[in-house]
Each structure stands twice: as C-alpha cells, then as structure tokens.
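Here is what TrEMBL says about this protein:
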DOMAIN    7-272  domain 'NADP-dependent oxidoreductase'
ACT_SITE  27  active site, proton donor
SITE      56  site 'Lowers pKa of active site Tyr'
BINDING   112  substrate binding site
Ligand code: A2P
C-alpha cells in the first residue's frame, strides 16, 4: 500500500464509526494501523477497548516455538499491548525464515511440515498470556476445523474462521458447520476483491456489476456494494470491506439503516456461483 494511505484510511474509518480492523503482518502496514489507532486514542476519540484489532500468524511462523515471538513482533510494530483476535492465516506452512514466500531454485514454494494442532496449542498459550484476547483461524475447511475441535485436551475453540464470502461465493455448508460449532464466519472480499490479476481469479465476473444487486440497491437508494454488505451481515457473516477511498469508506458504513426482505435475501443467495475470486493456489 502506498506509504501513509493506510494511516489516513484507518483514521477516516475510525471517525466514520468502524471499530473492527482486520490486519496482518504480511500486509506490511501494521505500523500505520497501530499509529492510526494510537493517534485516535490520544485525540480522545476512542479508547483502546473500543477497537477490535485482528492480527494474523503467517505461514512461515507455524512451528509452535515461533508463534508467541511472532505475535510479540506484531505487537511491537503496532505498539499495542494486545490484539483482540489472533488467527492462523492459512492452514499450511512455509519454511521458516526471512523469505515470506520461500521458493526453491525452480520457483516452487518450499513448504514445511508442521502439526496444526501444535500450532493451535501455541495460539492458546498466547491467549493465556493476555497477548490475544481471542484466537481463531482463516481459510480453514471443515476437516481442518475438525482437527482442532477434536484435538485431545483442547483448551479454546477457534472463535472465528475468516474465509472468502460474498453473494457469488456464499459458503452455505461451511456457514452451517460453523454455526453449529459457534464459530463466527468473517467474510473477506465481501465486495468481490480489487480484481488484481496477480492474486485474483478475474475470469469470474465482477460482483458489483451484478444486475440483481444493482436492482435491489435502486429500490433502497443504495449501491450494489451496500446491498452485498447488508446481505452478509443479515446472514450473520462479519464483513471486512477494504477501501482507501474516503467516500467509499463512508458508503460501506451506511448499511444499518435499511434491511433486505426474506425474498431479496433468497434472490441474492441464488447468485452463488461456488467460484472463488481468491484461489490461494499456493
Ligand atoms: P478502493 O480502495 O479504491 O475503494 P474487497 O473488500 O471485496 O476486497 O473489495 C475491495 C475493492 O473494492 C477495492 O478495490 C476497493 O477500492 C473497492 N471498493 C471498496 N468499496 C467500494 C464501494 N463501495 N464501491 C465500489 N468499489 C468499492
């Protein structure tokens, strides 16, 4: 992200009313997020406990002995004492080291064999140490969640699973499984991503051009983006829309003054294509 744009955007977001901030070490802007939060606390606009910051454990840091030092590094970058939620970003590990995307001489990723359950135990220890108020996962499928849930001696369940979720990828089965286990689904790419071909499957059509979302939006004087976000929160999916544009940051917050009918919810659910924008081919 261009230097400074994250700092400004987070400040605008907090002024607009956002309190949940989704971050990660690999976004390389945690120093700006931390600065924005601390500036807003210093201004008296918010207290630390008003903010819900989610940080993520990257793939190169899965070995249990690396988990706490990695979180401590994130806290140092943020200059905060704790994160509200710390999640395992992906259910597979890369070789530990300085390379974020370690590759061999043939350009192939270098994976690392680790035990997700052992990583989870180290996450539990971070919660016990007060460094993370809650712990969760991301990009986990049902089997991977079950591995954790069925782990002998499990101390804390994952409170949430952050996965791609929006009208074109509604995740009905995973949503139901997570509901049964009291795991909150946090939906990433709720607007259908930035369509950056370096990491997005752009052969799937743009979500916000969808005629149904636009037609429903017209009825409420809302945009397709607002309808997509409203759809998700109305089915109990937490949304983390990304915008660095002040007007769109505000627009994405104006979703609490209307509601979709059951018929409209069904119409939008029917848009599901079961196709991911974010394929995570690694
Ligand atoms: P920008 O940062 O310029 O606003 P997602 O959250 O699904 O990953 O989508 C993020 C993408 O959607 C970004 O490219 C962002 O661009 C754009 N975006 C965010 N809010 C809106 C909106 N209300 N209408 C249209 N595009 C939006």
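Even glycines carry a Cβ here, placed using N, Cα and C.
For the residue listed as 'active site, proton donor' paired with residue 112 (substrate binding site), the C-alpha to C-alpha distance reads 22 Å. Note: the Cα of residue 56 (site 'Lowers pKa of active site Tyr') and the Cα of residue 112 (substrate binding site) are spaced 18 Å from each other. Per-residue pLDDT, averaged across the domain 'NADP-dependent oxidoreductase' (7-272), gives 98. It is 56 that, of the recorded positions 56, 112, has its Cβ surrounded by the most other Cβ atoms within 10 Å. In this view, the residue listed as 'active site, proton donor' is surrounded by 15 other Cβ atoms within 10 Å of its Cβ, with every protein chain counted.
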